[in-house]
Amino acid sequence: MAPKQDTPFRSADMSMVQLYISNEIGREVCNALGELGLVHFRDLNSELSAFQRAFTQDIRRLDNVERQLRYFHSQMEKAGIPLRKFDPDVDILTPPTTTEIDELAERAQTLEQRVSSLNESYETLKKREVELTEWRWVLREAGGFFDRAHGNVEEIRASTDNDDAPLLQDVEQHNTAADVERSFSGMNIGFVAGVIGRDRVDAFERILWRTLRGNLYMNQAEIPEPLIDPTINEPVLKNVFVIFAHGKEILAKIRRISESMGAEVYNVDEHSDLRRDQVHEVNARLEDVQNVLRNTQQTLEAELAQISQSLSAWMITISKEKAVYNTLNLFSYDRARRTLIAEGWCPTNDLPLIRSTLQDVNNRAGLSVPSIINEIRTNKTPPTYLKTNKFTEAFQTIVNAYGTATYQEVNPAIPVIVTFPFLFAVMFGDFGHALIMLCAALAMIYWEKPLKKVTFELFAMVFYGRYIVLVMAVFSVYTGLIYNDVFSKSMTLFDSQWKWVVPENFKEGMTVKAVLREPNGYRYPFGLDWRWHGTENELLFINSYKMKMAIILGWAHMTYSLCFSYINARHFKRPIDIWGNFVPGMIFFQSIFGYLVLCIIYKWSVDWFGTGRQPPGLLNMLIYMFLQPGTLDGGVELYPGQATVQVILLLLAVIQVPILLFLKPFYLRWENNRARAKGYRGIGERSRVSALDEDDEEDPSNGDDYEGAAMLTHDEHGDGEHEEFEFGEVMIHQVIHTIEFCLNSVSHTASYLRLWALSLAHQQLSAVLWSMTMAKALESKGLGGAIFLVVAFAMFFVLSVIILIIMEGVSAMLHSLRLAWVESFSKFAEFGGWPFTPFSFKQQLEESEELKEYIG
């Protein structure tokens, strides 16, 4: 029999398959299946650690290549070279052969050695350049330091030990002006010159002063331009210093302190002629180093620029290759037959495509032994695979955030496509705000391709749900027209059905009443009559309307959700769920809240002014229905025979409680006892035979779908475990279900009043914002009024977008999401499934965080 056509209404039919693949083409088969993205592989080596698996060495080799590619990327970022990103819509990567992967690994190794060598050379030369630059600054500043030092011999003398003072005086007395340059050596005074970071100068000076007890004379000057620190590759401000002291031990101590503080000490001659020669030598060496450095940098940048053209493609290729070997590690290896054996789940309708793909790989490899795929009969619960497209994907995602639907149950996302945005629109309901939202959604859809590349997380989240925003905006336009509300103002699209009756003695401040223009004729054709806006009883009327509408929408939402539980029970052939849960639950719910909705609609349809009667309150009616059955509030009837009808409905609702409570558990116990009496095992017991048991395994060379099957079952919906029927557990579960259902019928209905509350809040906030900005601006006159109008409109627009569209929109969306997750899904969805996660390259590229920076 041909398989059923897959529909979005429920998950696709799944089959467990067993693949027998020749070891020579295992990698190629995995590549082909990764491109298809239709097989969810099971781990057949769960007892082995990651290091014991067959292809661990290949993965480690690819990890090393990936590390090398990341190293290239870091060097490109350091050099400021842009990366050419991989565009999946334009660029096509053909599956590489093992030879091409080996060549890529060798090339990456060679390039890493070359780039590392160039990088080391560059860093060494850069460090040498900095040292020569610092030395030049020291030589340049040293002349001034020495001149000042010779002019302050008294200060230098005071900075030395008192025991040496007579010697210094004697030397000074015998020195002439011509001998001044050799006076330091003659006075046994030495010096240390160098460069230190500006942020360390103060600490450096304090340490020297305390360590040497003031026996030093220090000069320093700032280097005006920042110098690049090669260790951190950032500009650093530094100072030149020259410290004068006497004694070899003190000078050695100064050098040690300087080096410990991160200072660089340089050799400087105190004679100006020799210093001049040093400057010339340093300049020549610096120029040579800069030339070599420039050439090295150009070579390195050229190498990295060439790598940047292919790096993204290489990274994706290696990532795919790693995924292939990780998947191969899930396979079992039959050493006797040199065959890889794999098990997995795939959509039943896609089995022919998978078979043809395996055949194509076999034909390309030229193997005589075919790859075989056998469908296995199993009692394991298949994964849930819900096919989506660009439009439904976001809706499916918000449902999956709550849970994964049970295999083959009604897909909760299908009704959500309509109900979620519509309930949002009921709460949002402003025509003007909806138009702005609609324009934003259409813009995101129109410029879809360029906006897809935006990496800003918050925008990416909104962009992912662009079709949700679109549908929410369309429904909000509709509800805005129904409410006749645009930025808290009304639209006079049609003639009003009301007219004001103005008394002859009318004065400002008096209340004016309105009457129907044609009592038995014209009615406002669509939405809310604009005459209601601005009246004294506007809120009274609108609140009553929106409150009752919220109850009706909640009733409709929960009723269709209950109907889905009937569809699920029929599909899974569980009639007891229909008669034990659905029927009594539906009768209970409709006896109370279905009746309330009918009363609301009936009350709306009666011309109470024409009858001359006061309409009864429905809230009190419902309270009296439970507290005083057969009694009406104030004795006012909504319709003839109301008291009798309410008593009958209440009895009908009460009768359903024991049916809900006892029918299903006792029926299951009776069914179990009957089965045991006939000699069968208890309901829920199952037997399982491993798919890889050699005794039960058929010859894999046989191409029949079921000849290789080795999985047997006694329960179509089992999970492969032995479960005895326990009446106590079933009874407790049913008691909980009954209590929850009865209480939730009340609480969930009340929960829909949030539709009215948020709609009211949105309308009132919009009115306040208008009155605080545009209303005042429109009243102003003259040039100042025009300027104020521009400013007020800017404020009005910005605050409308931020507060009323974004903040209020998010609030309404979350409330609508709660109504879907809790009030609707609790009526029919089990969410007992597990997701279908196939081996797919496309999915890997979309979800990998590491590859995002390589894909554009």
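Glycine is treated like the rest: Cβ placed from N, Cα and C.
Under the heading compositional bias 'Acidic residues', Swiss-Prot lists 692-707.
Here Swiss-Prot flags 689-710 as region 'Disordered'.
Swiss-Prot lists 1-409 (among others) with the feature topological domain 'Cytoplasmic'.
Only residues 6 or more beyond the boundaries of the topological domain 'Cytoplasmic' (448-460), in the same chain, are considered here, and those with a CB under 8 A from a CB of the stretch are 89, 466, 852, 856. Taken from Swiss-Prot, the feature topological domain 'Cytoplasmic' applies to 448-460 (among others), supported by sequence analysis.
According to Swiss-Prot, the topological domain 'Vacuolar' annotation covers 491-544 (among others), on the basis of sequence analysis.
The topological domain 'Cytoplasmic' annotation in Swiss-Prot covers 565-582 (among others). The topological domain 'Cytoplasmic' (565-582): residue composition by secondary structure is 15 helix, 0 strand, 3 coil, according to DSSP.
Annotated topological domain 'Vacuolar' per Swiss-Prot: 604-648 (among others), in sequence order, evidence recorded as sequence analysis. With a cut-off of 8 Å between Cβ atoms, the residues of this chain six or more beyond the topological domain 'Vacuolar' (604-648) that come close are 548, 592, 595-596.
Per Swiss-Prot, topological domain 'Cytoplasmic' is recorded for 669-738 (among others). Note on the topological domain 'Cytoplasmic' (669-738): its mean pLDDT in the predicted model is 59.
Residues annotated as topological domain 'Vacuolar' in Swiss-Prot, with sequence analysis given as evidence: 764-784 (among others). Sequence-remote contacts of a segment are chain residues at least 6 beyond its ends whose Cβ falls under 8 Å from one of its Cβ atoms, and for the topological domain 'Vacuolar' (764-784) they are 430, 433, 485, 487-489, 791-793, 795-796, 799-800, 803-804, 808.
Each residue in the topological domain 'Cytoplasmic' (824-856) gets a DSSP state, and the totals come to 14 helix, 2 strand, 17 coil. Per Swiss-Prot, topological domain 'Cytoplasmic' is recorded for 824-856 (among others).
Per Swiss-Prot, the feature transmembrane segment maps to 410-428 (among others); the stated evidence is sequence analysis. Packing against the transmembrane segment (410-428) from elsewhere in the chain are residues 8-11, 386, 392, 395-396, 398-399, 434, 468, 471-472, 474-476, 478-479, 549-550, 553, 557, 560-561, 564, 567-568, 571, 754-755, 758-759, 762, 808-809, 812-813, 815-817, 819-820, 824-825, 828-829: each is 6 or more residues past its ends and has a CB under 8 Å from a CB in it.
Among the features that Swiss-Prot reports, transmembrane segment is placed at 431-447 (among others).
Sequence annotations record features per position, and here Swiss-Prot assigns transmembrane segment to 461-490 (among others) based on sequence analysis. Within its own chain, the transmembrane segment (461-490) has Cβ neighbours under 8 Å at 390-391, 394-395, 397-398, 417, 420-422, 424-426, 428-435, 437-438, 440-442, 444-445, 448, 451-452, 454, 526-530, 532-533, 542, 759, 763, 766-767, 769-770, 774, 800, 809, 813, counting only residues six or more beyond its boundaries.
The transmembrane segment annotation in Swiss-Prot covers 545-564 (among others). Non-local neighbours of the transmembrane segment (545-564) in the same chain are 410, 415, 419, 423, 426, 528, 582, 585-586, 589-590, 593-594, 596-597, 600-601, 604, 618, 745, 748-749, 751-756, 759-760, 819, 823-829; each lies 6+ residues outside the stretch with a CB under 8 Å from one of its CB atoms.
Residues annotated as transmembrane segment in Swiss-Prot, with sequence analysis given as evidence: 583-603 (among others).
Same-chain residues lying 6+ beyond the ends of the transmembrane segment (649-668) with a Cβ under 8 Å from its Cβ atoms: 576-577, 579-581, 584-585, 587-588, 591-592, 595, 625-626, 629, 683, 725, 727, 730-731, 734-735, 737-738, 741-742. According to Swiss-Prot, the transmembrane segment annotation covers 649-668 (among others), on the basis of sequence analysis.
Residues 548, 551-552, 555, 558-559, 562, 565, 615, 618, 621-622, 638-639, 645-646, 649-650, 652-653, 656-657, 659-660, 663, 741-742, 745, 749 of the same chain sit 6 or more residues outside the transmembrane segment (583-603) yet have a Cβ under 8 Å from a Cβ within it. Mapped onto DSSP classes, the topological domain 'Cytoplasmic' (448-460) shows 9 helix, 0 strand, 4 coil. Applying DSSP to the topological domain 'Vacuolar' (491-544) sorts its residues as follows: 10 helix, 8 strand, 36 coil. If one looks beyond the topological domain 'Cytoplasmic' (565-582) by at least 6 residues along the same chain, the residues whose Cβ comes under 8 Å of a Cβ in the stretch are 10, 408-410, 659-660, 663-664, 667-668, 717, 737, 827-828, 830.
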